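Annotated features, as they stand in TrEMBL:
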- 513-524: compositional bias 'Basic and acidic residues' (COMPBIAS)
- 52-499: domain 'Major facilitator superfamily (MFS) profile' (DOMAIN)
- 511-533: region 'Disordered' (REGION)
- 43-63: transmembrane segment (TRANSMEM)
- 127-146: transmembrane segment (TRANSMEM)
- 153-173: transmembrane segment (TRANSMEM)
- 185-206: transmembrane segment (TRANSMEM)
- 218-237: transmembrane segment (TRANSMEM)
- 243-262: transmembrane segment (TRANSMEM)
- 352-371: transmembrane segment (TRANSMEM)
- 383-403: transmembrane segment (TRANSMEM)
- 410-432: transmembrane segment (TRANSMEM)
- 444-465: transmembrane segment (TRANSMEM)
- 477-495: transmembrane segment (TRANSMEM)
Amino acid sequence: MKGAPEASWQNPDICKERGMEEPVIKRVPPAQKSHLEKMRDAVAARVVLYFLSFTGFLVSFMMRTDINLAIVAMVKMPPPVTRNITSSEEPQYCFAASNMSSDNSTSELLLQDEGEFDWDPSIQSTILGSFYWCYVVSQLAGGVLVQRFGTKIVFGLSQMATAISSLLIPYAAGFHFGALILLRSIQGVASGFTWPAMYAMIGVWIPPAERSRFMSSFQGFTIGIGLSYPLCGFIIAHYGWRVVFYVTGSLGLSWCILWWFLAFDTPQEHPRITKQELAYIQKCTRNIAVDSKSVSVPYWSILTSLPAWAIGVTTFGRIWVHYTFMIPGPLYMKTVLGFSIQKNGLLNGAPFLLSYFSSVIFCYIADILVTRNWFSLTAVRKIFTALSQVVPGFLLLSIGYFGCEISAVLVAWFVAVIFVTAAYAGAMANIVDIAPNFAGPVLAFAQTIHMSASFIAPLVAGFILKNDTTLEQWRKVFGISSVVAVGTYVMYQVFGTSEVQSWNYSRNITSQETEHEPLKRDKSSPGTDVTDV
């Protein structure tokens, strides 16, 4: 798999500059190995972890994204605003310019996917936002739970709760929208644990030189989003919206089974890892990884850290843009562009599928720029953060002014979504840089800030579009998103850094201890002083 760390897992040279002794490993001749041992040696445990991380985020985001398109088919959409415009004026609905000859036909097109629930825009916004309100609240709790119980339990149980809730959504929607809001809230709480949990695995499993590439596994979420939209569009068109939730919930439960049997919190606990790979991981990470049970999280230092705030604030802008595409996006494609439910799903999903591959490329380039000393790590983080926010910000603004030039709109839409993923070689990777021993709690702190954009952005869009879904109103939605994206990047440019913060080492940890003690069981945060890479 491109982007996975299989290429360098047996190469100990990467860690030689750290001044550590080579591990003495008794190698068994290949002829004396069993078939299972040969298979085990052929596939590194870290590659399996990459696969689990990738697929875990994939199914997680399918379960949280499916309703964004499904709700378009679930509810009765409001009729378009009618205006008397002259032939010289710009049309407010693109399909009206080419497909419509009367107001009746306009209504007929918009109502072709008419739903069964008469929920007004405020109820719809509450349903879509309820996931993210609770998701934000659970971020800090996720960091604490990971410190206490480890990634395997926290990530596994959170996925299971999300999957069961998905299976129950069709029944809840038929009963009352309040029951649907409750289930979406449960999904939000459970899903809030996933990011701190996976960050907490990186430090003890992934050597420094592979971390940017391994973080491309987190982009499984883009594949999940990209698959969810066209899959949901197809299912809704042929089988109805209820089947959408049965499919995504079943996928979530199936993944939980794989996770339970294949995931382990530390390399030492893995029953099938080779001695060579275990020694390599320990040699590359033991100078920074510590036992989480022996230290306390420096919460006050995190709360007062400007670099931590810079990460949280700048990614707030990125999330705002990202969720403008994810949540109001399908509504724009229906009410302004006039796309059918299947075309809507395909065009919303395709850029997210492409963005996975772009994330692998961005992370790979970032590794090269750092390891070859072409740029400092801080400079690399700022460059890729700018690519993930400033470029999409201006492209999003241009979408509104492209009007009914559908080809230009779609090109700008695709490129913007693709560039958003550069953040995983930028500010998101920066979390591990500044606090390798506490990246889980720092991520929880940053996500508490930036994930608030996931429900604020749709609420702002819903307020602007409540009584008027014309192109003119959509320009306001896109304009605000552009200002937020570019404006929040300024703080990262000023205060962002890759330097490990002094509070990364608590009072009972010294640099000597972390340099010479062997790697212990670590359920805390990932990371390393990647400035040494």
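For all residues, glycine too, the Cβ spot is worked out from N, Cα and C.
Annotations in TrEMBL come from automatic prediction, not curation.
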Go through the chain and flag residues at least 6 beyond the ends of the transmembrane segment (383-403) whose CB is under 8 A from any CB in it; none is fine as an answer. 90, 94, 314, 317-318, 321, 324, 362, 366, 375, 409, 412-413, 415-417, 419-423, 425-427, 430, 471, 474-475, 477-479, 481-486, 488-489, 492-493, 496
With the greatest number of Cβ pairs under 8 Å to the transmembrane segment (153-173), the stretch among 43-63, 243-262, 410-432, 477-495 is 243-262
PLDDT averaged over every residue in the domain 'Major facilitator superfamily (MFS) profile' (52-499): 80
